[in-house]
Each structure stands twice: as C-alpha cells, then as structure tokens.
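Features of the protein shown, as given by TrEMBL:
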DOMAIN    6-66  domain 'TRAM'
BINDING   Q295, Y324, E348, D400  S-adenosyl-L-methionine binding site
ACT_SITE  C427  active site
ACT_SITE  C427  active site, nucleophile
Amino acid sequence: MNQPAAPEPAPVVELTIGPVAHGGHFVARHQGRVVFVRHALPGERVLARLTEHDDGARFWRADVVDVLDASADRQDHVWDQADALAAARSGRPAAGGAEFGHIRLEAQRRLKGEVFAEHLERAASIDVSALGFAGVEAAGEEDGLGRFWRTRMAFAVDADGRLAMHPHRSDDLVALSSMPLASEEIQRLSPWDADFSGFERVEIAAPAGGDETLVLLVPSAAAADAAGVRRAARRVASQLPDSASVSVLTQEGGAAADGRGALQRISGRTWLSESVELASGDDYQFRVTGEGFWQIHRAAPATLTDAVLGIVAPEPGQTVADLYAGAGLFTLPLAERVGSGGRVLSIEGAPGTSKDARRNLHEHRQAVIAQGRVERTLRGQLQRLSGGRGTRRLDAVVLDPPRAGAGKRAVELIAQAQPATIAYVSCDPASFARDAADLRRRGYELVTARVFDLYPNTHHLETVGHFARA
Ligand SMILES: C[S@@+](CC[C@H](N)C(=O)[O-])C[C@H]1O[C@@H](n2cnc3c(N)ncnc32)[C@H](O)[C@@H]1O
C-alpha cells in the first residue's frame, strides 16, 4: 500500500529585518514580497522558517529559527518554553503569549511607542510628538524582566490533563512547566503540577497582594454527567492549596464574561475581592465574580483610574458616563467625586459583570448602572436621565471598549452628548486611531495620550487618550 507523502518541510530563508509592525511582527522583504516575521528585531539578519507562504498571498509569515547578526536589544528569552530559537533547535513548538520576551524591556517599550505613533499618524493624521507623547510608561513596581504581572490567566488542558498553551496561530498544545508572566500568587498554586483531566480550559485569577485565588474549570465537551464533573473538580481542588477557591464554569456558548455561563461552587467562594489604592491614597474595594471582567496587570486598576481621574477631574454635581464599565472600576471613584448631587451613568454589556457593578455601587444612588451594549443603550439612558425632556448632555465621558474599539455608532452617540472631555482607554492602537479619527471629524481633538506597558513581554499596549471639544 502507498504511504501518504510526508509533508514538505517549510522553507527557511535568510531575511534582513525592517521596522516593527502591530501584532508582534517585524517587516521584511523576500523576492519583492512582504514577510511578517516573529521573534525578530529591527536590523537583524536572520534565518526564518516560512509558516505561511502561498504563491498567491499578498504577504507571507515567518518565524525566526536562527540569528546571524543579532540586535543589541536582544536578550535571553524570559520564558524558556516560549523561546522560539531554542524550540527550533530542539524541534518542538514554542508556547505563544510572550512574543516580545527576547527583547530588552526598554526596547520593547520603544517599539510599542513606534507602533502607537505610526497608527495615529496613518489613521488619524495625528503627530503624537506634538502632543508631548513621552514614550511608553511602566506601570507600578515591576520585576526588571517584566515578569509576574498577570493576575488573570487562561490555559488550555492537554490530553494528559496538564495545563497547556497554544503556539501562535496553531491548534497544537504545549504542556507548561512554568509561566513567568503569572503573578507570584498564581505561581504559589503551582498549577503546572496538578492534573486537570476532564476539563478543557482553566482560568485562574488572584488579586494582587492577596492570598486567595480563584480557579475556574470549564468541562471538556466530552465530559461525563454533572456528578462526574463535580467529582473531577473535587479531585482538582484536592491538589491545590486550601487558599484556592474552585468552581466549575459551564458555558452555553459565548465568552466567560457574557453571563450565560453557570458557576458551580466546589470549594471556597465564587468571587474575589479586589482592592485598588489610588495615588491620592483613596482605597476602593470591588467584588469580581469568577467569570467577570477585571484588568489583568496587577498595577493596571490603579494606574488607569489615576490616569482617567487626571483627565476628567470630576467635580461635585457633574454628570459623567462610564462606558464599557466592567465591574465599576472607574464608576466608583467617579461617583464619589461627583457626589450625591451628580450622576454617573455606567454602561456594561456583559450581564454577569454588570451585576458585579451593581453590587459594587449599591451604596451610591448617584450611579445609574445599566446593562446593555453602548451603541444600543446610550441614547435611551440619556433620555431617561433627562426625565423625558430630550437628551441629557454629559460633562465628561470615560470609555474603555474591548479590542475592537467603540466604532462609528458609539462614537456618534458620545459626540451627540457633547461632553467637554473624553477619556478614552484602549488596549488596541489600531481601533483607538480609527476612533480618534472619527472623534476629530466630530469636533474633538486629542490633547494628550499616555501609553502604559500593561502587558510586558507581549506586543500589547494600553492607551489613555484625553480628547477635548475643539
Ligand atoms: C476593557 S473592559 C473595561 C472594563 C472596565 N472599564 C475596567 O477597566 O475594569 C471592556 C468591557 O466592555 C464590555 N463590553 C464589550 N462590548 C460592549 C458593548 N458593545 N457595550 C457595552 N459593554 C461592552 C466587556 O464586557 C468588558 O467588561
């Protein structure tokens, strides 16, 4: 019988690396075609394996397998399991999730600043140097190598029940023996040593500085009956320290935070208590349910809230909107500052997360907590706030949309409310630049932009932009 032909090994080509591009890639050219290369640095000469190279494709993709001339910004990778060069040498896949780990931290920030500046220039004709953009800022105290900052982690589970992660754009799984971006609280659980058989996804959350952790187990599609799932979950719980609360999350489709999931407690609690201390010394407590949204970097909640309050400078009696509000991270300090004579309209789409916001704000009657999509609910909420006399104008708007940005309809509604000030928090420079261009067309100018490195050793960056009505 004929054996199927073994797949051709992907070609390896020599490339000279050009500038950084968004998404963790660097731009090179091969035979006139653009190649997006990972694990590289500008100016390097490398050997790279073509991972996507269709003849008809507009561009190709490649991963560096060897460095012929190294950049001075290159360092030993901070996480051996994500080290693409070591992986290529030993013929194993590298885990995704730390695609900038081979770059010195200061250089990562310089590159992220270049990506940010380029997007604003290209999509919104904004020259960030004219705004006094001072480069990407570190958040909070940090490990010199950009490790131990993630208070939220999501893992896959391999066939042996080990925590695992996918390589970039791959369905393969890399079983983990470490994950140095995870916070020290998560490290203390040593989840890499546990057996998660029976589950297909594991989410772990740990508040910065606390000793409680929350482990959510998503049963695999082929899971046994409910009793079998509970037994498997109890077996997981028995392998973890007592400080870990364990719950099973069953999802009837959709993301964890969409409110359609059901949480079933196995041990401990189904929620975490998060504490945020601002630069002013003000201290806030939040309850965040297992499947609810919370910022990932340990210093992000305080860093972002300080930046937002610095822009909005809320005053007693004002009316402010907090859009894409999550569990109320910004809503709570805004509500305290506008006082009982003011109003904060807080809109969050995910029902479970919105429930958290309602609990976190229940003592603040000036906060109106609305659940729904901003683009669908903002107008109706502003009409309600005006008591049926047209649409309530806003003094300021804070928006912190997901990666896709706010989009045309939400920007239109925000501009119609005529806020003097807009604080726009964004985790994606492309959608931020697109929305910034739209805000400009509607009479708002970007006054300042700060970029925070809330995702060290990855290509991601967080922007807080201050827009003012021209
Ligand atoms: C980046 S998070 C910000 C949450 C909050 N500001 C914080 O920092 O904790 C974005 C939030 O927007 C919510 N969301 C996504 N799309 C939405 C939409 N169209 N309308 C309202 N909320 C939405 C998500 O559920 C998520 O909680």
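Every residue gets a Cβ built from N, Cα and C, even glycine.
Whatever TrEMBL says is automated annotation, not expert-curated.
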Assigned element (helix, strand, coil) containing Y324 (S-adenosyl-L-methionine binding site), judged by DSSP: coil
For the domain 'TRAM' (6-66), mean pLDDT (0 to 100): 94
Inter-residue Cα distance where the pair is the residue listed as 'active site' and Y324 (S-adenosyl-L-methionine binding site), in Å: 13
Winner by Cβ contact number (other Cβ atoms within 10 Å) across the binding-site residues E348, D400: E348
Under 8 Å by Cβ from Q295 (S-adenosyl-L-methionine binding site), same chain, sequence gap 6 or more: P301, L304, L329, L454
In the chain carrying the residue listed as 'active site', residues 6 or more apart in sequence that have Cβ under 8 angstroms from it: P402, R403, L454, H460, L461, E462, T463
DSSP-derived helix, strand and coil totals, residue by residue, for the domain 'TRAM' (6-66): 0 helix, 35 strand, 26 coil
Extra residues within 8 Å (Cβ to Cβ centroid of Q295, Y324, E348, D400), S-adenosyl-L-methionine: F293, A325, G326, L329, F330, P401, P402, V425
Recorded S-adenosyl-L-methionine site residues Q295, Y324, E348, D400, farthest C-alpha pair in Å: 15
Packing count at Y324 (S-adenosyl-L-methionine binding site) (other Cβ atoms within 10 Å of its Cβ): 22
